[in-house]
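> The structure is given below, and queries will be raised subsequently.
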Amino acid sequence: MNLDVIEKRIRSSILKSAIPAIAAMIIMSMVSIVDGFFIGNYLGKSSLAAVNLGLPILYIFLGVGLMTGVGGAIQSIRALGSQEFEQANNGFNQTLASVLISLAGLSLCFSLFLEPLSHLFDVDNTVKTEFLNYYFWMVLAYPFSILNIIYGIFARAEGKPILALNLSLLSLLLNVILNYLFVAVFNAGIAGIAIASIIAVLLCQCFGLAYFKFKSKHFGFARFDFQRLFCANMLKNGSSEFIAQISLCFTIAALNAAIIKVSGVTGVAAMTVVSYTSMIFSMIVIGFNQGVGPLIGLSMGAKRFELAKKLRNTTILYVVGLGAALWLLLSIFHQDYGQLFVDNSDVNALISKGLPIYALAFLFLGFNMTSTNYFTARGKAKQSAFIASLRSLVVLMPCIIVLPSLLGMDGVWLIAPTTELITMLASIYLLVMHDKVALDTVPSTNKA
C-alpha cells in the first residue's frame, strides 16, 4: 500500500478498505440474526432465552481467540509495513497456532463442564435443556468461526479485503439454507441450528485455508520459530480484546440475572432480540476498525504518526454519524422491530418500549470502540485496556447492579447508553492527552 496515496485520499482509502470488512462483519452478524429468526419463529421464547444465557461462553472464546489473534496480527502487520517479510510470515504462523491450540483447549473444557454450568441458571428445565442442546455443538464451532475472523485480518493487511467478505457471505447463505432444512423440514430443534452452524463454518474454513495455501502473497503456512517476545507482545497487545470479552462474560451473566429478577424469561427473550441491533452496529464499527487498523499499523511501521491520527479521526466521524442515523431509524420503527423475531405480545411490548432507550448507546459506542482500536494499533496497551475495561466491567457492572433495582426494565434499557456515555468521556480525555504527548515528542516524524 502506498502511504502517500492514502494520505492524499484518506476518506476513500478508509472506505475502500473498510466497506468489504463492514459488509463481512454485517453478514457475520446476520448469521446470528438468522439463527434468532428461526429460533424465535419456530421454537419460541424459551429457546431464545437459552441462547442468550449461554452468550458468556461465546465471549470467553472471543476473548482468548481475539487476544492471541489480534495481538499477533498487529505485530505481523507492523513487520509487513517495515518490509520484514520473513518475520511477518513467522508471526502469521505463530499467531494461527496460538489461536488454534488455545481454543481447542477451551472446547474440551466446555464439553466436559457444560452440564454443571446449566445448573447455575435460575430458570426452568425447558430452558436448561435447550441450553445444553445448543451449546454442546456450538463449543465445537467457535474455534473455526474465530479462525475465519483472523484469516480476514491477515488478508486485509495485504490488500485483499474481499476474502473476509466472501467467507462471511458463504457462511450466511449456508446458514439460511441449513437452518431451514434442519428446523423447518427435519424438526431438529435448537440442536439443528447449532449443527447447521458447524457445517457452515467448516466449509468456510476450507476456503480460508486454500487462500493462504495457494493465493496469499505475503502469508503462507510454514514451520515457524517460536518467539517468546512475540508471544509476550501478543498477549500484551491483545489484552484489551481479552479484557473486553471476558468482562462481558461476567457482566452478561449478571445482566441476565437482573433481567430474570425483574421480568423473567420474557425479559431475557426481549433483550436477546434487542441486542441484535447492538450486534449489527458493533459489527459495523468493528468492520471500520478492521479496515482502518491495517492502515494505521502500516503508518506506524513507516513512522507516519500524523497519518495514523488522521485515519483515526476520520473513522470516528463515520461511526458516530452512523450511530446517530441508526438510533433515529430504530426510534421510528420500534413498534415493528420485535415482530420480525417472535410472535409473543408480552415480549414485543417490552421491545417496543425499550428499543429507543437502548439504542441511545449507539451515539457513543462507535467512538469508544474506535478509540480502543487506535490505541491497540499504536501499541498503547494500557490505554486500550483501560477503555475496554470501563465499558465492559468497571462502569457497566455498577450500572447493572443499580439501574434495574431503581427503575425495573427501564433501568435495564438504560444500562448500555449510560455505560457508553461515561466511557466516551474517559476516551476523549485519553485521546487528547495522547495527542498532546505525541505532538511534543515526535514533531517531525510524519515526513516521508
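Note that Cβ sites are derived from N, Cα and C of the backbone, with glycine treated the same way.
Quick paste of what TrEMBL says about this protein:
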type     : residues : note
TRANSMEM : 21-43    : transmembrane segment
TRANSMEM : 49-74    : transmembrane segment
TRANSMEM : 95-114   : transmembrane segment
TRANSMEM : 134-155  : transmembrane segment
TRANSMEM : 162-182  : transmembrane segment
TRANSMEM : 188-212  : transmembrane segment
TRANSMEM : 242-260  : transmembrane segment
TRANSMEM : 280-302  : transmembrane segment
TRANSMEM : 314-335  : transmembrane segment
TRANSMEM : 355-376  : transmembrane segment
TRANSMEM : 388-407  : transmembrane segment
TRANSMEM : 413-432  : transmembrane segment
> Which bits of the chain, at least 6 residues beyond where the transmembrane segment (188-212) starts or stops, bring a Cβ under 8 A of a Cβ in it?
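Residues packing against the transmembrane segment (188-212) from afar: 31, 35, 38-39, 43, 47, 50-51, 130, 133-138, 140-141, 144-145, 147-148, 151, 154-155, 160, 163, 166-167, 170-171, 174-175, 178-179, 181-182, 219-221.
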> Please indicate, using numbers and ranges, the residues of the same chain that are 6 or more beyond the transmembrane segment (49-74) and have a C-beta under 8 Å from a C-beta there.
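Non-local partners: 35-36, 39, 91-92, 94-95, 98-99, 102-103, 106, 110, 117, 121, 123, 127-128, 130-131, 134-135, 138-139, 142-143, 146-147, 149-150, 153-154, 157, 190, 230, 233-239, 241-246, 248-250, 252-253, 256, 265, 268-269, 271-272, 275, 293, 297, 376-377, 379.
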> Do the transmembrane segment (280-302) and the transmembrane segment (355-376) come close, with at least three CB pairs under 8 A (pairs 6 or more apart in sequence)?
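Counting Cβ pairs under 8 Å, at least 3, so yes.
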> For the transmembrane segment (162-182), give me same-chain residues lying six or more residues beyond its boundaries with a C-beta closer than 8 angstroms to one of its C-beta atoms, as numbers and ranges.
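The answer is 20-21, 23-25, 27-28, 30-31, 34-35, 38, 148-149, 151-153, 155-156, 188, 192-193, 195-197, 199-201, 203-204, 207-208, 211, 290.
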> For the transmembrane segment (21-43), name the stretch out of 95-114, 134-155, 242-260, 388-407 with the most CB-CB pairs under 8 Å.
134-155
> Which bits of the chain, at least 6 residues beyond where the transmembrane segment (134-155) starts or stops, bring a Cβ under 8 A of a Cβ in it?
21, 24, 28, 47, 50-51, 54, 57-58, 61-62, 65-66, 69-70, 73, 76, 92, 95-96, 99-100, 103-104, 106-107, 110-111, 114, 161, 163-164, 167, 171, 190-191, 193-195, 197-198, 201-202, 204-205, 208, 211-212, 216, 219, 290, 293-294
